[in-house]
């Protein structure tokens, strides 16, 4: 039985080796030489151009190494300040959360931001990670071939659930070339990630022009999805394909306007509506007035879904309340802040304001030709449960989701490829920054510090400080996410 088990194990290992697979706890790796010819083709294409390209990348990589230290230091100080404040601000993109995995090539430690995101975004997230990693490693591989370093193969790995890529270079060749040549190779990954981020930004910026023959913009925000639990879901709510043009008196020409208008509505006090004295007397009916726990007043005691308590003032009393049918009051009225806003007409009018709980707003959403949606609730609930696009198809057969897919993927590429460039540039053990720093010190300090041991000691101390800085950012970032 033991002999049979050993034979089976040997057969399994031979099978893995045949297909370039390697399996270990939490780590699956595949390496192949299938793309070697393509890599050599790229590495030998226009040598002068590639020399200039990777020389610019070398300068960028060195600057990124110093810049990443400054950025991490600033982020650490901001995080510490935020932790010490009694009312910390909401988490934002400055929070560094890092998940690392180690490719067996030993060239670099893959560092990828881990973010909290909905299940629907996972495809974008992992695709952007994989593409950013592939472009990163293509940079290393092509630069190595350009510098006459033997290229053994390219591979893809999965660490826990995070995908990545790596290249296998002949280490002896790397050690024989000059420090400047090494810098071109080691900086190439960071440089390519930066270029990918810039290219993604350009596509995102020029997307309206790119899609102009098929989609037009600037006419409103197109509803692409309404969550099942959304307060906007219902017979008089929003539907996929609706074009939102206004929130209250705030015009909406694109998704940015939608978000901006909701932000303003959330921060500012509730707007009122001009109602004539005659209409107010006609629509209102007697109701018991009582005060809520938060201090606001309720005057509609019939649990109606159509009536809302409104407050207003006249010359004699500044605290009057009336229970009114919301749609009849709002649809034929203009918005106001005070009674003075309603005195432009000769008809005596009052500015009636919905008396709602704190943070709750009555929002009129225009999406012609449909009847206006009247939303009562927190503005952010509307923002989080309704997905929109600034792109409106010129033809019915065109997908309303395609521009959203391109936009979202570009945003993930900008974020993740940029983060990969920043993290890998940090002078930290096992990251690209370690090899960049070592080569940089060899290229610049060899005449000042003659002994190689002393240069290595300087490099070790810098790497120790860089590693501690990165670890502190990661630890505090994770603590802020879990503890707050």
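Using the three backbone atoms N, Cα and C, a Cβ is placed for every residue, glycine included.
According to TrEMBL, the protein carries these features:
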{"type": "TRANSMEM", "residues": "50-73", "note": "transmembrane segment"}
{"type": "TRANSMEM", "residues": "124-144", "note": "transmembrane segment"}
{"type": "DOMAIN", "residues": "124-464", "note": "domain 'Peptidase M50'"}
{"type": "TRANSMEM", "residues": "151-170", "note": "transmembrane segment"}
{"type": "TRANSMEM", "residues": "190-212", "note": "transmembrane segment"}
{"type": "TRANSMEM", "residues": "412-437", "note": "transmembrane segment"}
{"type": "TRANSMEM", "residues": "457-481", "note": "transmembrane segment"}
Discussion item. I need to check the long-range neighbours of the transmembrane segment (190-212): which residues 6 or more away from its ends have a CB within less than 8 Å of a CB in the stretch?
Written reply: 54, 56-58, 60-61, 64, 131-132, 135-136, 138-139, 390-391, 403, 406-407, 410-411, 413-414, 417-418, 420-421, 424-425, 432, 436
Discussion item. Should anything in the same chain at least six residues away from the transmembrane segment (124-144) have a Cβ under 8 Å from its Cβ atoms, list it; otherwise answer none.
Written reply: 39, 42-43, 50, 54, 57, 107-108, 110, 112, 115, 117, 151, 154, 156, 161-167, 169, 174, 184-186, 188-193, 196, 408-409, 412-413, 415-417, 420, 424
Practice prompt. For the domain 'Peptidase M50' (124-464), would you mind checking the mean pLDDT of the predicted model?
Written response: 91
